[in-house]
Amino acid sequence: MAEEQARHVKNGLECIRALKAEPIGSLAIGEAMAAWSEISDNPGQERATYKEEKAGGSGLSKPCLSAIGSTEGGAPRIRGQGSGESDDDTETLGIPSRNLQASSTGLQCHYVYDHSGEAVKGIQDADSIMVQSGLDGDSTLSEGDNESENSDVDIGEPDTEGYAITDRGSAPISMGFRASDVETAEGGEIHELLRLQSRGNNFPKLGKTLNVPPPPDPGRASTSETPIKKGHRREISLIWDGDRVFIDRWCNPMCSKVTLGTIRARCTCGECPRVCEQCRTDTGVDTRIWYHNLPEIPE
């Protein structure tokens, strides 16, 4: 039922658009309304009337001719979708040709129904208006027509031939994105990112790269980036037994490790000098110096 109403609303909007482009005279509208009223009052005689008109070559062609003109590309049809009528009862009216615009398009008459199934009556509706089928697929009306904006019915997307597609199953057809569609798309994208991350993938398909720093080289962990300055360093050892302080002073090569205790190390790089200025003038390098009180320790 919703698809039928959507189709009727679409056809009604096309009729209104055609009327805005080429208004029809009041005489033609009156004659067409009288003809449709006669057919709707006697639905059982519609087929017989059509056969008589086809044999005699006369009938309702005059109002349709004055309204829209040529039907050479395809004869107009009466489409009654309400009050028990169906597309099987659709009949073709013979209309003389005039001002043919396209050989592959036809002229159709449409009823307009409200949501309760009642036919909408009045000159401003599309009950008695004949419009050319095969109009452009753009269903947007010009100059701010509010009917298309306030309609709750999804009329579908136009196909390549210019007709609205309304029968594609039970799934609704939308002309644009809904908020739920955007949320679903974002959620799916996040889920895909998490899935790839859990597998240890570096996101090659999504254009994202996860840069991880390389692990440190164990062979270079204990070495310094800058070379060690060659030479000697001065070391002092203090030992206090409660009454006296034992002090030792000496020099060790810069390349040797610093350790606890009075240790005179050797050069490991082979480039440190054997003695330095302090070593050369220090008389207590190999002699232990005794100090009885802490204030006696020289600066």
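Along the chain as shown, residues are numbered 1 onward.
Backbone N, Cα and C define each Cβ position, glycine as well.
Pulled from Swiss-Prot, these are the features on record:
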REGION    40-91  region 'Disordered'
REGION    110-120  region 'Interaction with host STAT1'
REGION    133-163  region 'Disordered'
COMPBIAS  144-160  compositional bias 'Acidic residues'
BINDING   His232, Cys251, Cys276, Cys279  Zn(2+) 1 binding site
SITE      Trp240  site 'Interaction with host STAT2'
SITE      Phe246  site 'Interaction with host STAT2'
SITE      Asp248  site 'Interaction with host STAT2'
SITE      Trp250  site 'Interaction with host STAT2'
BINDING   Cys255, Cys267, Cys269, Cys272  Zn(2+) 2 binding site
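Overlay of Swiss-Prot annotations on the structure.
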residue : record                             : Cβ neighbours (10 Å)
His232  : Zn(2+) 1 binding site              : 20
Trp240  : site 'Interaction with host STAT2' : 11
Phe246  : site 'Interaction with host STAT2' : 14
Asp248  : site 'Interaction with host STAT2' : 18
Trp250  : site 'Interaction with host STAT2' : 20
Cys255  : Zn(2+) 2 binding site              : 18
Cys267  : Zn(2+) 2 binding site              : 16
Cys272  : Zn(2+) 2 binding site              : 21
Cys276  : Zn(2+) 1 binding site              : 16
Cys279  : Zn(2+) 1 binding site              : 15
Measure from the Cα of Cys267 (Zn(2+) 2 binding site) to the Cα of every one of the recorded positions His232, Trp240, Cys276, then give the nearest. His232
Near His232 (Zn(2+) 1 binding site) in space, meaning Cα within 10 angstroms, which of the recorded positions do we find among Trp240, Phe246, Asp248, Cys255, Cys269, Cys272? Cys255, Cys272
Look at the binding-site residues Cys251, Cys269 and tell me which residue has the greatest number of other C-beta atoms within 10 angstroms of its C-beta. Cys251
Go through the recorded positions Trp240, Trp250, Cys255, Cys272 and tell me which ones have a CA within 10 A of the CA of Cys279 (Zn(2+) 1 binding site). Trp250
Same-chain shell around Zn(2+) 1 excluding His232, Cys251, Cys276, Cys279, C-beta within 8 angstroms of the CB centroid, reads Gly231, Arg233, Arg234, Asn252, Pro273, Val275, Glu277, Gln278, Arg280
Of the recorded positions Phe246, Asp248, Trp250, Cys269, which sits closest to Cys276 (Zn(2+) 1 binding site) by Cα distance? Trp250
Confidence summary (mean pLDDT) of the region 'Interaction with host STAT1' (110-120): 64
Coarse DSSP state, helix versus strand versus coil, of Cys279 (Zn(2+) 1 binding site): helix
Not counting Cys255, Cys267, Cys269, Cys272, residues with a CB within 8 A of the CB centroid of the Zn(2+) 2 site are Lys230, Pro253, Met254, Ser256, Thr268, Gly270, Glu271
